[in-house]
Amino acid sequence: MSTELPPEPKESPPAPRPAPPEVWKKGGRLLSVLLAVNVLLLACTLISGGAFNKVAVYDTDVFALLTTMLLLAMVWILFYLLGTARCPDGVPYRDAHAGPIWLRGGLVLFGICTLVMDVFKTGYYSSFFECQSAIKILYPLTQAVFVIVQTYFLWVSAKDCVHTHLDLTRCGLMFTLTTNLAIWMAAVVDESVHQAHSHSSSHNNTSHTRLALDLERASSAVGGDCSCDTAVCQIFQQGYFYLYPFNIEYSLFASTMLYVMWKNVGRLLASSTPGHSHAPSPVSLFRETFFVGPVLGLMLFVVGLAVFIIYEVQVSGERGRTQQALVTYYSFSIVCLGLMTLVSLSGSVIYRFDRRAMDQHKNPTRTLDVALLMGAALGQYAISYYSIVAVVAGTPRDLLAGLNLAHALLMIAQHTFQNVFIIESLHRGPPSAEPHDTPPKDPCHGLTFANLDALHTLPACPPTPRLVGPSPAGPQEAASVIVAPRSHWRRRCLKDISLFLLLCNIILWIMPAFGARPHFSNTVEVDFYGYSLWAAIVNICLPFGIFYRMHAVSSLLEVYVMS
């Protein structure tokens, strides 16, 4: 008699290990933010005090502080690069949304222009080395090395989610971000003082005499007590002032990328996030477009360059030519802003027919993009509302006042509707997110269709033998055949819209960034508010408007790829 042994119980597969909880971030973030706020306030105090007030703070003190901050930031960046190279497990995750290629490419472009600016500035200060402090030559050289080191650091590490030395990494990233903001502020103040001093010199009025005297000392950053008489010195001086916009944009681009890295410190990411497993499609500038948007955008870009050149040539001449230049400038801006407003509205209407689901995943990069778009637009909003009040409440009722009023109103509308279009585009899922994963079945052949609209527009039993083939790829092929005609026109329209807005934002960035200041050439606001108050408003708010244009370009490029 044989006895059967009971079957051995099967071993159950081990339960998946839960992901380790994220490290509590509030303490390290609070410490790094407090460090950044204190350093930034110190830098703001010295920069503003040395530029505008008659206090014992000189440009050499500002340069000494900025040089020290640049050296400390470079020491930390080298520590970070060496630490992550020796500890590969310290960066277990990389955020696919952080540091896209067009943002890093723009950083490299602006970094190269900043290096050229540093060369010009070094040559300028070296032209009269005998009567200058050595720190004025050391600062641009240190900044050039910092730009090289930081650009390499952001190119290779922008996507990192660091999990080692969390508090030290957060403090280092915030300190580097603060350094970039301090450089940005120093460049904005220096450029604004230069613009105001040039305007006061060209308008030799008694009301501007006191301001010119106040700015005389502030312009020591341009040359101090030394005279720039040689042709080479003047070339260096004018050259680095024309390159200031690139330095300003470089600092802001680096600051945004550093902020995203700071948000990603200690962050845990899944190996594959739902809805984001698709491979990015290759970027081709005019791929799948109707060519209407790119062609119209290029036309406005070329016309805008011509208008900008005409404005720069005529605005410094006699009164009649200045008014003609302002009429030309405002007329072009009104046409461009009006078209951009209509196109942005059209894009928002197209999204009403878009079946893609909204992307609700956590994305620090997108959150920062939205915050920067909304925050930077406030600068242009403020200038526009001040202009509206000056025109409505002021005495002149001529053509120039009417164009100024229309320009201010359209500027507000264009920023509003473009922000709505960009933000809605950034929150849309990829093209593969259209709801045709579980489509309804055809009652005649059991085939699947991508959407109900396509089902209703087809006959009940399609006679085409291609739709009833037994091939396993038949349903997917049929779905793509039916989906393509309905979604293809929307995708093309959105690409045209994004390219058109992109080109328009570039030309609207070039004009104010390289010296177009109709705010001062047009005397409506100057007479209403007084030159000192109006100069303060423009010099504070206009840099945010300039940054808005370039940040909108990067966001629209992402919208183009996602469409």
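Keep in mind that glycine also has a Cβ here, set from the backbone N, Cα and C atoms.
Database features, via TrEMBL:
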TRANSMEM  30-50  transmembrane segment
TRANSMEM  62-81  transmembrane segment
TRANSMEM  101-117  transmembrane segment
TRANSMEM  137-156  transmembrane segment
TRANSMEM  250-270  transmembrane segment
TRANSMEM  290-311  transmembrane segment
TRANSMEM  331-351  transmembrane segment
TRANSMEM  371-393  transmembrane segment
TRANSMEM  497-516  transmembrane segment
TRANSMEM  528-548  transmembrane segment
Among the recorded stretches 62-81, 101-117, 290-311, 371-393, 497-516, which has the greatest number of Cβ pairs closer than 8 Å to the transmembrane segment (137-156)? 62-81
Lying 6 or more residues past either end of the transmembrane segment (30-50) yet within Cβ distance under 8 Å of it, the residues of that chain are 57-59, 61-62, 65-66, 69, 167, 170-171, 173-175, 177-178, 181-182, 185-186, 189, 218, 262
Can you find at least 3 Cβ pairs under 8 Å between the transmembrane segment (250-270) and the transmembrane segment (331-351), where each pair is 6 or more residues apart in sequence? no
Sequence-distant contacts of the transmembrane segment (62-81), meaning Cβ under 8 Å and at least 6 residues beyond its ends, amount to 39, 42-43, 46-47, 50, 133, 135-136, 138-139, 142-143, 145-146, 149-150, 153, 156-157, 169, 172, 175-176, 178-179, 182-183, 186, 221
If contact means at least 3 Cβ pairs within less than 8 Å, sequence distance 6 or more, would you call the transmembrane segment (528-548) and the transmembrane segment (371-393) in contact? yes
